[in-house]
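Visitor: The structure that follows is given in the form of structure tokens.
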Amino acid sequence: MAKKDYYEILGISKNASQDEIKKAFRKLAHQHHPDKGGGNEEKFKEINEAYQVLSDTQKREQYDQFGTTFEGGAGAGGAHWQDFAQGGPFGGFRANVDFNDIGDLFGDMFGFGSARGRRGHKRKEGRDLEIDTAIEFMDAVRGVTKRITLEKLQECESCRGSGSEGKGGVKTCSTCGGAGVVEQAQRTFFGTFTSQSVCPACHGEGSVIEKPCSKCRGEGRALKEHAFEVTIPPGVAEGTTLRMEGKGEAGVRGAAAGNLFITVHVKPDSRFRREHDDVHSDASITLPQAVLGDSIRVPTVDGQVDVKIPAGTQSATVIRLKGKGIPHLESAGRGDHLLHITVAVPTRVNRKQRELYEALAKEEE
């Protein structure tokens, strides 16, 4: 009989607490469960065996006392397999472990609990879908209703989601007797361990369709194009993801549909830049406007507005237009519009302008 170090199997120290044992078991069971892609049934059974011993205080004490091997010369503090089988230290100890007792561990990870709690697997729910859509800058400001078309698995029109052809129905699975799971027994030194796995005939449902629908092959769903409208709220930003509950793929034979996640991309606008819920834009003024002050007309997300330029305005001045920015997505109010002023210096002047600038320069001497 090969040596087995249950602590090594679970990757824990011999001083591990019960919480550490359970945590290690959850992680390894999830990794090696045979129902998962890349799962290892033998490794999974070994992990189960180790957990059943180390999670039980009495069994763990016995295991710690008599070591990791029970064959050949026992050595100091050891024991022979024959001693246990013939009324040795445990007096003919036997164990019959039902893995239903740890159904709570598997329920969250693999979609099924103990056979006492429910029978087999849930029907396969529809997958979540993710799509992208692009909108104009002003649509992000004001909100927009957009029509979207995509191809996805939807309820089969032929069988109306039942998966059955015509009046054909379902029958109890003969392999598992309707339980949705099959049991396997493994004898070990610590007793007989009973593990459960999903029934391969009915895939955990406990029933099989007598005459599957020819269009959807018994799934109750089929691939087809779907057009719908989505309301994009005012204030949506680049990369915002909207969730539409139940608008993903249809589930198998009436199981819950998945959700649809729509990621919104906002096209740039040459007039505006966005930072959070504030809008930024640029305006150029002349030297006389900067010196004397003026009123200029500038575009905002609400249309053209008049902005007062104070006398003595310098280049790089920022004028804030309160409440003229983007609506807040999750609260009332709006951001601001920040107008960045640039004073334009002429590169060419006529004779009269030159004379005026020269006269001004003399005044400043």
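Backbone N, Cα and C atoms are what each Cβ position is placed from, and that goes for glycine too.
The Zn(2+) 1 binding site annotation in TrEMBL covers CYS156, CYS159, CYS213, CYS216. The feature Zn(2+) 2 binding site is assigned by TrEMBL to CYS173, CYS176, CYS199, CYS202. Per TrEMBL, the feature domain 'J' maps to 5-67. Marked as domain 'CR-type' by TrEMBL: 143-225. Look at TrEMBL and you will find 143-225 tagged as zinc finger.
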Visitor: Looking only at the zinc finger (143-225), what are its DSSP counts of helix, strand and coil residues?
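Guide: Secondary-structure composition of the zinc finger (143-225): 0 helix, 41 strand, 42 coil.
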Visitor: Could you give me the DSSP helix, strand and coil counts for the domain 'J' (5-67)?
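Guide: Counting residues per DSSP class in the domain 'J' (5-67), I get 44 helix, 0 strand, 19 coil.
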Visitor: Please compute the mean pLDDT of the model over the zinc finger (143-225).
Guide: 84
Visitor: Using Cβ-Cβ distances, find the residues under 8 Å from CYS213 (Zn(2+) 1 binding site) that belong to the same chain and are at least 6 apart in sequence, listing them in sequence order.
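Guide: Same-chain residues close to CYS213 (Zn(2+) 1 binding site) (Cβ under 8 Å, separated by 6 or more) are CYS156, SER158, CYS159, SER162, GLY163, SER164, GLU165, GLU219, GLY220.
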